[in-house]
């Protein structure tokens, strides 16, 4: 039986070197850079003299941090985007929760409607302030839970123990189960002013259910109000997996308060930084959440589209260096993953530093195989260092990203969930390969838009790590999906220079021979092993 290492080598050479049917591709050995390579070190490799279609690309300078097209050649928003249409409410596909006729730059948007409309049904979020949100106070009597919430929170908190006692007043059933150890370790300086934010509400929000193509646009102030409610654990029917919301992510923060892990403390510091920021200065922008369903996947084997540009780097991050691009969130099907629990990898970190993303968990049902969630306009409030167990909050971030005409930050994030593989070879099965291609294409494509109006995709090792995906294979799939969607790619390997070179060599090989998306797809299916 082959060892895992041998299997890996076999897969690697199948993906990289057997992409075309007529030959293998031999990569030149790594060596010290020549004098000419020193002269050409800052010149994109596809533009260096001496490259020929029938040879491997030259070895990069020994300390190259990027390969391919310069990142400055890739399109970014707002420079590349076409003018937006007027923002308006369209009940069938876009719920806008502010007065669009009063929207002005630098002014806090006016909610629409001005008064709360009570709705308690199966297609809207059940809100804490609904008259139907009842709380038993005896064997037969009930009380509106909102009255109890207001009474418990309309006060100053001097300690985390005061906050714990307040939350448990309207969550009595969970008093013996919920643990607030992490909260006691975090700062409580904000609690005095933050408790008042919980009392401001927009209208009931439609649920983004399975199979829907629908958008919701909220003001950043409305988002802050919803997040304050999540912090204080006020949302009804959201504390048990056995409730009607079993197929939705957690939204109340009670799991974030549990345990004494240093990770929880750092997560709370990051979120408290957000609350401090929006209390000190109310934000004036909007955020749009769009659930997208791919009804008709591409005919991959017949695609004649050529591969688009690739910039690949072992330095930098998606959020910093991919500004203005479509930024990929390596998502869980329950968007946000473990952000309100113990999780602290790529998706959770992005949701922490851009906390407005967390609101999507309130109304987004688990993603299906052909769906993604696109969030436009969130703001970054914190910086950080480390990853997973080494994560540390590193202070406040001043987001200077420009806004579009809808007053949204030009930060577009797509949450797309990869498959999790227990068996390494499973991912090379044609059905699994096409699923990942279609998922990425769902996130990258914008029907009716010209490729000249689309920003590049900023991505990285999607579906790798604990999900078991092979980084080189997943890079190829994302490149094919982006090319089919008409987008260039900025790929961040997070310090892996070997991966950077391998993926670049693969892209160079395909583009030099004008291999189409369809041809690359067909040959991959014919050459890749599957279980």
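Cβ coordinates come from backbone N, Cα and C, glycine included.
As the structure is a computational prediction, the values presented were derived from the model and not from experiment.
Cross-referencing 7-27, 28-48 with TrEMBL places the feature transmembrane segment at 7-27.
Of the residues 381, 384, 387, TrEMBL places 387 in the same substrate site as 332, 346.
Around residue 347 (active site), the C-beta neighbours below 8 angstroms that are at least 6 residues distant in the chain are 329, 330, 331, 332, 336, 337, 339, 415. DSSP assigns residue 347 (active site) to a helix in the three-state reduction. Around residue 387 (substrate binding site), the same-chain residues at least 6 positions away in sequence with a Cβ under 8 Å from its Cβ are 344, 345, 349.
Cβ neighbour counts within 10 Å, taken over all protein chains shown, single out 329 as the most crowded of the active-site residues 329, 348. Taking a C-beta cut-off of under 8 Å and a sequence gap of six or more, residue 346 (substrate binding site) has these contacts in its own chain: 329, 330, 460. In this structure, residue 332 (substrate binding site) belongs to neither helix nor strand by DSSP; it is coil.
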